[in-house]
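Okay, so here's the structure we're looking at.
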Amino acid sequence: MKYSIKAPAKINLSLDVIRKREDGYHEVEMIMTMVDLADRVDLSLRADGGISIDVSEGFVPSDERNFAYQAASLLKKRYNVREGVHIYITKRIPVAAGLAGGSSDAAATLKGLNELWQLGLSVDELATLGAEIGSDVSFCVYGGTALATGRGELIKPIASPPPLWVILAKPPIGLSTADVYNGLKLSEARHAKTAEMIAALERQDAASICALLHNTLEDVTLRLYPEVAHIKEQMKRFGANGVLMSGSGPTVFGIVEKESRVNRIYNGLRGFCDEVYAVRLIRTSGTCPNTDENGML
């Protein structure tokens, strides 16, 4: 028996770092939403009880370092599952991009194995398990649009944004999340207007959403990687209504209100950036529009 499920990418409409905690993590306040760029996770039962994983991209770990593998291992051990699983991930989300590709793959694996292994776990239970794997996994289990607090694992659903286009562009650079956080000086950091962003989402006010986009980590990344600043400048020049770096980067996204501008921005960025995507915001939780439905095969 097999199960196939989509794993959508996320972007941060707002990311604020509040303080560094005693456990080494940072206290954050983030507004995250999903876009219809998605990996595909195919799960196949193994009678021998083993866990194996293959990934379409060769530079993605295909062992216990992979979040999807960790998700399967956690479920199997926690609930004493005898059956094993083979996981095959078809990657479409750029790797190490600030788009939570690995976290979304883990969330999809948790949800898919809950069905395949007939565990009967609630979404809340799956999200709690996800927090043991990574900070973004809980959000990816819920999907939709949410306010994430704590280290990112405390999730509160909020209003989804209006149906806008999003252009994603990832420069060809390697980025260390640890370096970005280490370079952050909280005493000098600019902070997000989180409550105002939530209110703008509730009003479906696209202009205010674009104006309130904020990422406290962005100034650090722009200082370390000028290529990211260049992409931001070009997106604005080509006509994006709002531009921001997602997560710790390096991917930059532009929100576009008018469909007529999408091709101009996309084609303009393709001139100097190989990984460019034109996508839509997902307004419902769980699955991706315009993709195969999740389910048993």
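Yeah, the Cβs are placed from backbone N, Cα and C, and that goes for glycine too.
The active site feature in Swiss-Prot is assigned to Lys10, Asp136; the stated evidence is sequence analysis. Here Swiss-Prot flags Pro94, Val95, Ala96, Ala97, Gly98, Leu99, Ala100, Gly101, Gly102, Ser103, Ser104 as ATP binding site, drawing on sequence analysis.
Recorded features from Swiss-Prot, shown on the structure.
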residue: Lys10; record: active site; contacts (Cβ under 8 Å, 6+ apart): Met32, Thr33, Met34, Val35, Leu99, Ala100, Ser103, Ser104, Asp136, Phe139, Cys140, Ser246
residue: Pro94; record: ATP binding site; contacts (Cβ under 8 Å, 6+ apart): Gly101, Leu168, Lys170, Thr251, Glu275
residue: Ala96; record: ATP binding site; contacts (Cβ under 8 Å, 6+ apart): Gly174, Leu175
residue: Gly98; record: ATP binding site; contacts (Cβ under 8 Å, 6+ apart): Asn12, Met245, Ser246, Gly247, Ser248, Gly249, Pro250, Thr251
residue: Gly102; record: ATP binding site; contacts (Cβ under 8 Å, 6+ apart): Asn66, Phe67, Ala68, Val95, Gly134
Legend entry - Assigned element (helix, strand, coil) containing Gly102 (ATP binding site), judged by DSSP: helix
Inset, instruction - Excluding Pro94, Val95, Ala96, Ala97, Gly98, Leu99, Ala100, Gly101, Gly102, Ser103, Ser104, please set out which residues of the same chain place their CB within 8 Å of the center of the CB atoms of the ATP site, keeping sequence order. - result: Ala9, Ile93, Gly247
